[in-house]
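Q: Here it is, the structure in full.
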Amino acid sequence: MTHELFDSKGLLGSAPAAFVAGEYELDSSHGTLPVINPANGQLVAEVPSSSSSTVDRAVTAAVAAQREWGRRSHVARAAVLEAVRDAIAVHADELARIVSVEQGKPLSDARGETEGACAFFDFAISQKYRAVGSMMASEPGRSLGVREEPIGVVAAILPWNFPVAIFARKVAPALMAGNAVVLKPSELTPLSALALARLCRLAGVPDGLLSVVCGEGKDTGRALVTHPGVGMVTMTGSTRGGREILAQVADQIIPVSLELGGKAPFIVFEDADLDAAVEAAADARLWNTGQVCTCNEVTYVHADLHDEFVRRVVDRFASVTPLDPFAAGSRLGPLVAERERTRVQGMVDAAVAAGARVRTGGGRPDGEQYQSGAWFAPTVLTNVRPEMDIARREVFGPVLPIIPFDAEAEVVSAANSTAYGLTAYVYTRDLSRAMRMIDALEFGEVYVNQAGPEQVQGFHTGWKSSGLGGDDGPHGYEKYLRRKTVYVRHAV
């Protein structure tokens, strides 16, 4: 039976299909990808997996389309992106339904994600009057200039946690900079990208300039990032996946931008606003069911506040009821897939075996409605030690380990001991201490007395094993450009 998401008049059409060089690819001879609703475990669709020959057609078409697109003025490119942004706003409800079905987040959060996608397009559009470059006299009768140019074809690899927002985060600046994009969404959430590709075409994005190929990373992804026509790879995903991409493209020597995993410490000092810290710690852990690279992954609380903080956070977590993404008042959905639920359960079980104490949650919620689907109850763990696996590896689920500390130097050392370096949080009323922590923490983003999300004009970048390059703002936009130095002798 065809899922209700598929309609000849809708963004997905009557059947799921890759979007390649302006055409819809229905060929399933290379296999299919099952799309499962994580709330109930039911099959939503089977999406054709793209072969290496399909990837080749997409990149070849992108090379041709980029030549014309790159010659357009910034203002002309921005006009197309404005049409895409407006189309996303018009179709926000349909896009949100697709996200909720395939990814599992509450419908209200999915609607917020579409708003975030529009914001990414807004920032890219703002670059239409960008005036960056230089021309200067170098010697009498000679000048020297440095200017920006598009890279060419960008291969974009997307994760499953924000399939609409991160599509926009990659596509908008890449196109605005004059590039073409061939994009591979996660095999768990391909429908959002396919819907957006159709929407982009309707909004006037030229055929071939944007293609979406579907498949697993080891097949379709590898064929894409190693294609000789690709000039840059941008990827958001796991650290393991980032390492694989770096190895795959090493022979090509092309720019790579990676936004990878994180193990964000959330540090609460004795002088913190306790109400604000508790609320932010919970929100930063439970947003998107904990499936955010910037989520609060381990909370360090000063010993003077520890017991009261734990009591309040446990009450807060226990009050959150996981609900079907389409249910009224839903604020916490399932994990994205059963494999993720199993992985998170294994980490919690290992922590308990090592001495951690479950204060609330700990596994699948009670109730018949939770027996199908990838459900996991909001979980708080205490008696956690910094050397435990759950305090060092990314959980990516609604699990909050809490660790007490006594001294500033102690917590800095513990926070920095992870291999990751994406996001950190600090709660204190002491400005001098806050500035010391900003200096000491080895993370690309530091939030002081607030939680996320990040803003489009900032720079979302990780240190250490959390990535290379980054997204957003002028620094992220520049990743999609290369520079050419021009020497001119004009005196004869």
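Here the Cβ of each residue, glycine as well, is placed from N, Cα and C on the backbone.
The NADP(+) binding site annotation in Swiss-Prot covers Trp160, Asn161, Lys184, Pro185, Ser186, Glu187, Gly237, Ser238, Leu260, Glu394. What Swiss-Prot lists as active site, proton acceptor is Glu259, and the listing cites similarity to another entry. Residues or ranges marked as active site, nucleophile by Swiss-Prot: Cys293.
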Q: Are there residues of the same chain, six or more positions away from Ser186 (NADP(+) binding site), whose CB falls under 8 angstroms from its CB, and which are they?
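A: Listed in sequence order: Leu158, Pro159, Trp160, Pro163, Gly237.
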Q: Reduced to three states, what secondary structure does DSSP give Leu260 (NADP(+) binding site)?
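A: The three-state answer is coil.
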Q: Provide, as an integer number of angstrom, the distance between the C-alpha atoms of the residue listed as 'active site, proton acceptor' and Lys184 (NADP(+) binding site).
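A: Just about 15 Å between their Cα atoms.
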Q: Between Lys184 (NADP(+) binding site) and the residue listed as 'active site, nucleophile', what C-alpha distance do you get in Å?
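A: Approximately 19 Å lies between the Cα of Lys184 (NADP(+) binding site) and that of the residue listed as 'active site, nucleophile'.
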Q: Looking only at Trp160, Asn161, Lys184, Pro185, Ser186, Glu187, Gly237, Ser238, Leu260, Glu394, which the record lists for NADP(+), tell me the maximum pairwise CA distance in angstrom.
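A: With Trp160, Asn161, Lys184, Pro185, Ser186, Glu187, Gly237, Ser238, Leu260, Glu394 as the binding residues for NADP(+), the largest Cα distance is 24 Å.
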Q: Round to the nearest Å and give the CA-to-CA distance linking the residue listed as 'active site, nucleophile' with Leu260 (NADP(+) binding site).
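A: Pair distance, Cα basis, whole Å: 7 Å.
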Q: Tell me, by DSSP, whether Gly237 (NADP(+) binding site) is helix, strand or coil?
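A: For Gly237 (NADP(+) binding site) - judged by DSSP and reduced to three states - the answer is coil.
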